[in-house]
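A.B. asks: According to TrEMBL:
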{"type": "DOMAIN", "residues": "25-285", "note": "domain 'OBG-type G'"}
{"type": "BINDING", "residues": "N34, V35, G36, K37, S38, S39, L234", "note": "ATP binding site"}
{"type": "DOMAIN", "residues": "309-395", "note": "domain 'TGS'"}
Amino acid sequence: MAPKKEKEEDKTAGAARFGRVRNSLKMGIVGLPNVGKSSLFNLLTEQSIAAENYPFCTIDPNESRCAVPDERYEWLCDLWKPPSMYPAYLQVTDIAGLVRGAAEGAGLGNAFLSHISAVDGIFHVVRAFDSEEVIHVDDSVDPIRDLETIQMELCKKDLEFVEKAEEKEIRDVKKSPNMKISLVFTSTFEKVKAMLKENKPVRCGEFNSKEVELIREKLDNLITTKPVVYLVNLSAADFMRKKNKWLAKIHAWIQEHGGGLLIPFSVEWESKLWSLRDDPDGKKAFLDESSGAVSSLPKMVVQGFKELNLIYFFTAGETEVRCWTIQRGTLAPQAAGVIHSDFERGFIKAEVVAYADFRALATSKSMMEVKAAGKYRQEGKSYVVEDGDIIHFQFNVTASAKK
Ligand SMILES: Nc1nc2c(ncn2[C@@H]2O[C@H](COP(=O)(O)OP(=O)(O)O)[C@@H](O)[C@H]2O)c(=O)[nH]1
Ligand SMILES: [Mg+2]
């Protein structure tokens, strides 16, 4: 019986169970002032603008989209060399305004709240670099204290949300005599409040599927249900030697507070590397001196995408190679619908080859070898699309709804 229980727990653990179901999800950069959030955001933005062949116009200066690096996509582009190519994108928001005491109103404007509610996952930036020139809001560099500060503020804010939602439920029930507060409502809310009062994020809690459903329904604006990736900003020297006195402590703190990936990076090092982009010799010399260090930005983007439970499939042909973002678990007709609603409505079947099979078997653009090996599959309506599937949809055009 034990393995079964484990499976059950898997399904109801972590942040993914609380996530919104949508193909366009965002990561928000959060942290104390002066830790390097905007510098990181600008680096991510500049690099994605540079990667596009047309000027990218941002509607909001705090919002950006970053191409998700993927050698599979590059390989497909290289094979087809089509006139148009679209990678997958991760949307990132720079969220300013979080300081100690924020939950009581200090510095925490409406902009912060609306920004953080709009994102689906969090890049939590902590500062582990020393600098005489860059003042720390709390006067000294202490990433553990900073992690605690942010976590506490987010939990306080969530506690406020929970109390408001509870009051609303009580009001609603009073208004309609045949409604009453359910047992699961009371028990879930008590559990959530108890966690938040101890500064524990809700994503770490153990909830059964009824409780998860209730949280999704009644507490959809919680901040601490969102997945977190921790980004530790080091000095260039520490980043290159992969050593910093705080790293082990930060790692331990993360493990004690619900877990999550830690990605060390350095704004200082990344900026230097970026400034050498048009100077191949300078760039090579810089990398040679960097003891094997490589940019952390691609890893951040890939991991952010993963945390949001997003994957993509490919379409590939003479005119276009493209990544199409979907939620993990999406069925073939809905995946087709991401390309065009007619594809979903008139869905007949999906012709699918896994990228790995295509890569291993094909010697040209042709599907001949793939077909001969029996790896070119015909999939129907109940097929769950996998990350990296190369798909050609068959659909019936006459099925278009007449308006
Ligand atoms: N020495 C050093 N300075 C940094 C680093 N990252 C950011 N800064 C500086 O710290 C200041 C605040 O950075 P900013 O990105 O605006 O922080 P934010 O308030 O978190 O958005 C700026 O002057 C940055 O140049 C770093 O890794 N090393
Ligand atoms: Mg900033």
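Cβ from N, Cα, C; glycine included.
Predicted, not measured: the structure shown is a model, and the values here were computed from it.
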A.B. asks: Just checking: which of the binding-site residues N34, K37, S38, L234 have a C-beta under 6 Å from ligand 2?
C.D. replies: K37, S38
A.B. asks: DSSP secondary structure for L234 (ATP binding site), reduced to helix/strand/coil, please.
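C.D. replies: For L234 (ATP binding site) - judged by DSSP and reduced to three states - the answer is coil.
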A.B. asks: Around the Cβ of S39 (ATP binding site), how many other Cβ atoms lie within 10 Å? Please give the count over every shown protein chain.
C.D. replies: 17
A.B. asks: With every protein chain in view, how many other Cβ atoms are within 10 Å of the Cβ of L234 (ATP binding site)?
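C.D. replies: So the number of other Cβ atoms within 10 Å of L234 (ATP binding site) is 26.
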A.B. asks: Through the lens of DSSP with three states only, how would you label N34 (ATP binding site)?
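C.D. replies: Coil, per DSSP.
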A.B. asks: List, in sequence order, the same-chain residues at least six positions removed whose CB sits under 8 Å from that of N34 (ATP binding site)?
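C.D. replies: Within the chain, N34 (ATP binding site) has Cβ neighbours under 8 Å at R127, V134, I135, H136, V137.
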A.B. asks: Taking only the residues the record lists as binding ATP, namely N34, V35, G36, K37, S38, S39, L234, what is the largest Cα to Cα distance between any two of them, in Å to the nearest whole number?
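C.D. replies: Maximum Cα-Cα distance: 15 Å.
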A.B. asks: For the domain 'TGS' (309-395), DSSP counts of helix, strand and coil?
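C.D. replies: DSSP composition of the domain 'TGS' (309-395): 25 helix, 35 strand, 27 coil.
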A.B. asks: Give the helix, strand or coil assignment DSSP yields for S39 (ATP binding site).
C.D. replies: helix
A.B. asks: Let me know the model's mean pLDDT on the domain 'OBG-type G' (25-285).
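C.D. replies: That region's mean pLDDT is 89.
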